[in-house]
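As given in TrEMBL:
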type	residues	note
SIGNAL	1-19	signal peptide
ACT_SITE	Ser54	active site, nucleophile
REGION	67-89	region 'Disordered'
COMPBIAS	68-78	compositional bias 'Basic and acidic residues'
DISULFID	Cys95-Cys119	disulfide bond
DISULFID	Cys183-Cys239	disulfide bond
DISULFID	Cys306-Cys356	disulfide bond
ACT_SITE	His381	active site
Amino acid sequence: MRPARPVIALLVSGLLAVAACSSGDGGRAAPASTGSSVPAGGGDGPSLVVVGDSVAAGEGIAYGYRYAPDERDPDRSGWEGGTSDPEWQGAYQDCHQDDHAYGEVVADALDADLAKLACTGATYLNGITTPQTYGSTTYRPAQLGDWATRTDLDADYDAADPDVVVLTFGADDVDFTAIVEYCVSGYSTDESLAVEALSAAEDVAGAIRDALERRAPTLADELAGGDTRRRDDASSSYCTAANPGRPIEELFLDRIASGEIADHYRDVVTAIQERGRDPEHGDGKVPEIVFTTYHRPLPAGLDGDCWDVWPLSGAEQSYLDSLQGVLQTTLEDAVGDLDGVTIADISRAVDGHRWCSEDPWVYGLSVYWTARALESQAPFHPTPEGQRAIAAVVEDAVRSATGGG
């Protein structure tokens, strides 16, 4: 998911990741990033390349948070610990790669060679087909490059000579992190002018983040004062299906409706397959393509009332989860019937371990409220256990795609 300042780096991604999400930097903060190609494996299995965003990179894990159940008041259970100086994997430190990410787990299981190119905050237009930049800084070369124009083609990708390419992206392309931040901010219908001002900004996602920074101290004070009651008046919320507000329409719904996101999914398939057939790049070998969906961490029943979802109401949780469903359907409709493409549906990978469970496998919002001083991008990203659960689904998809049983 896309990078964020120390406000509430959700997404995500997420969600997830999340991270981080449009075609340009738009004045956004820089993402936490992966490295160049991170080789792993080295056995007799397939050559595996992982392309994508923070979920594929392993965002969040290196902060070192641990879940601390509160037996006296389970609803106040949350994440504790963490460091403001995590150690990331790989050469491109701003990509926030970690060796617990699903790619490493799958490569180990398949005895495969792995080139992990994924980077927190990567989108199709900023990171996958072009170098990933934020402001005047380049965080890493393009993970694939623009095949249509033969520009920014990544040498690490060609050197990997992939048998399988696994892709996780889309959440940042619809600014899912900003959408969660918008919902957490708690805009009500009597703040219509403020919501209109957000949607009128040149950088809507950046404006949402700035606004949350201004509102966060008040929210944090409420929590510190013991007011852990969530918002339950859905009729006044700007984060519901009935009333999403213009920011969600612009960042998410309009991009989906225009066909932009679906086109990007199809275009990356065309690029990978044509590149494989090109004698200069693929020697005629066309890799199998595996897309992942996204894990869905919002509580079972979508009516959680714990610190990890505070202050989201049940209706807001349900709406955010429904947006994840829309993104998943967009992916499935775009590429589900294409030759050489398999979809690894990880949407239920953390079932039984969602937020508000006794043992969540996704970092929750309590990371932010308990450690506002840390510039953490962990919320909405899978823990090592969550990454292993995702890897189990991806491994099955890779085996199926390659005829490996």
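Cβ from N, Cα, C; glycine included.
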Listed disulfide-bonded residues (Cys95, Cys183, Cys356), ranked by Cβ neighbours within 10 Å, top entry: Cys95
Which listed residue (Cys119, Cys239, Cys306) has most other Cβ within 10 Å, given these are disulfide-bonded residues: Cys119
Euclidean distance between Cα atoms of Ser54 (active site, nucleophile) and Cys95 (disulfide bond), Å: 8
Sparsest Cβ surroundings (other CB atoms within 10 Å) among the active-site residues Ser54, His381: His381
Where Cys183 (disulfide bond) falls in three-state DSSP terms: helix
Entries of Ser54, Cys183, Cys239, Cys306, Cys356, His381 which, being recorded positions, have CA atoms within 10 angstroms of Cys119 (disulfide bond): Ser54
Secondary structure of Ser54 (active site, nucleophile) (DSSP, helix/strand/coil): helix
Ser54 (active site, nucleophile) versus recorded positions Cys183, Cys306, Cys356, His381 - nearest by Cα: His381
Rounded inter-Cα distance in Å - Cys306 (disulfide bond), Cys183 (disulfide bond): 16
Cα-Cα distance linking His381 (active site) and Cys183 (disulfide bond), given in Å to the nearest integer: 18
Nearest-integer angstrom distance between the alpha carbons (Cα) of the residue listed as 'active site' and Cys239 (disulfide bond): 21
